[in-house]
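Undergrad: In case it helps, Swiss-Prot gives these features for our protein:
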ACT_SITE  Asp7  active site
BINDING   Asp7, Asp140  Mg(2+) 1 binding site
ACT_SITE  Glu67  active site
BINDING   Glu67  Mg(2+) 2 binding site
ACT_SITE  Asp140  active site
Amino acid sequence: MRALGIDPGTATMGWGVVERDGGVLRLVDVGALTTPAGMPQPERLLQLYNGLRAIIERLQPDTAAVEELFFGKNVNTALTVGQARGVALLALAQAGIPVYEYKPTAVKQAVAGYGGADKRQMQEMVRLTLGLATVPRPDDAADALAIAICHAYTAPTLQRFGVS
């Protein structure tokens, strides 16, 4: 199984692809799509969409996982992240890729074994899980890999119970 994880954002959208062969996970590729500050929002969303479509075409994931929207105190941030999520969901749906969504606490629980893990703990667990020499950068890319790892661990159980 080849899983694409996406950490949505309009300034930076992290993405990471892992492959699971039996019980072994390996990194396929990781990165981040960025848009310039000051770029009009519709153009930012189009740039993210086109970038994500190119990644999907190049890496051919079987499945995808996107972090669910977390409503913090900043409503404007939540709205723009929601728009970026919509772009990601659209690109994945158009490519016919099944999409799963995970709450941040579920990702932390799956990757670090603790739903309250902090960012540094998560990044270190991503590094260790994939046998990497360093933590992927930027942070959004490491977050996207955590989402992909969460899905790679969770997908067999979902399939066993017929959840799609």
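Even glycines carry a Cβ here, placed using N, Cα and C.
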Undergrad: What whole-number Å value do you get for the CA-CA distance of Glu67 (active site) and Asp140 (Mg(2+) 1 binding site)?
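TA: Per the Cα atoms, Glu67 (active site) and Asp140 (Mg(2+) 1 binding site) stand 11 Å apart.
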Undergrad: Would you mind reading off the Cα separation of Asp7 (active site) from Asp140 (Mg(2+) 1 binding site), to the nearest angstrom?
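TA: Given the Cα positions, Asp7 (active site) is 6 Å from Asp140 (Mg(2+) 1 binding site).
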